[in-house]
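According to Swiss-Prot, the protein has these features:
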type	residues	note
BINDING	Trp23, Ala57, Phe58, Glu59, Ala81, Val82, Ile83, Phe114	5-amino-6-(D-ribitylamino)uracil binding site
BINDING	Ala86, Thr87, Arg128	(2S)-2-hydroxy-3-oxobutyl phosphate binding site
ACT_SITE	His89	active site, proton donor
Amino acid sequence: MKLIEGQLKVVNGKKVAIVSTRWNHFIVDRLVEGAKDAFARHGGDEADLTHVLVPGAFELPMIIDKLLASGKYDAICALGAVIRGATPHFDYVSAEATKGIAMMSLKHQKPVSFGLLTTDNIEQSIERAGTKAGNKGFEAMTVVIEMLDLYENL
């Protein structure tokens, strides 16, 4: 049986956009730094990387759609943090942002990684932004890199 899988090596010339949220920036800024670090460590050229900042998680799918529809980007690394509060707002924003991000990958047939933290409290977000649980921004960018390579090999 033949196995096809992506490798963690940047595909030269592929344009990647990091789309991140301004809301909860004290967490998201760490995710963005992790994503940029992953891109650089795997041989990415900074000229092939663009950072787009949106107000919050609900806006991620719309901007991802516009970026991919432009034809200028080969993949998107979506980053943000939605932290549960006392109202059901968390549930609505998390669910719709998650569905919207997934739909953009399917609609455009391009890799869109999911680096949107959905946590119960600030401590969980901090853990996932570079402490106990690693940096989910770094992980989200490695997904982009692997998926771009996989697409090249299909």
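Note: Cβ is positioned from N, Cα and C throughout, glycine not excepted.
Residues within less than 8 Å, Cβ to Cβ, of Ala81 (5-amino-6-(D-ribitylamino)uracil binding site) and separated from it by at least 6 positions along the same chain comprise Thr21, Trp23, Asn24, Ile27, Val28, Leu31, Ala57, Leu116, Leu117, Thr119, Ser125, Ala129.
Highest Cβ count within 10 Å among the binding-site residues Ala57, Val82, Ile83, Ala86: Ala57. Long-range Cβ neighbours of the residue listed as 'active site, proton donor' (same chain, at least 6 residues apart, Cβ-Cβ under 8 Å): none. Ranked by CA distance from Thr87 ((2S)-2-hydroxy-3-oxobutyl phosphate binding site), the binding-site residues Phe58, Glu59, Phe114 have Phe58 at the top as the closest. Long-range Cβ contacts of Phe114 (5-amino-6-(D-ribitylamino)uracil binding site) within its own chain (separation 6+, distance under 8 Å): Ala78, Thr98, Ile101, Ala102, Ala140, Val143. For the pair Val82 (5-amino-6-(D-ribitylamino)uracil binding site) and Arg128 ((2S)-2-hydroxy-3-oxobutyl phosphate binding site), the C-alpha distance works out to 12 angstrom. For the recorded site, Phe114 (5-amino-6-(D-ribitylamino)uracil binding site), the DSSP three-state label reads strand.
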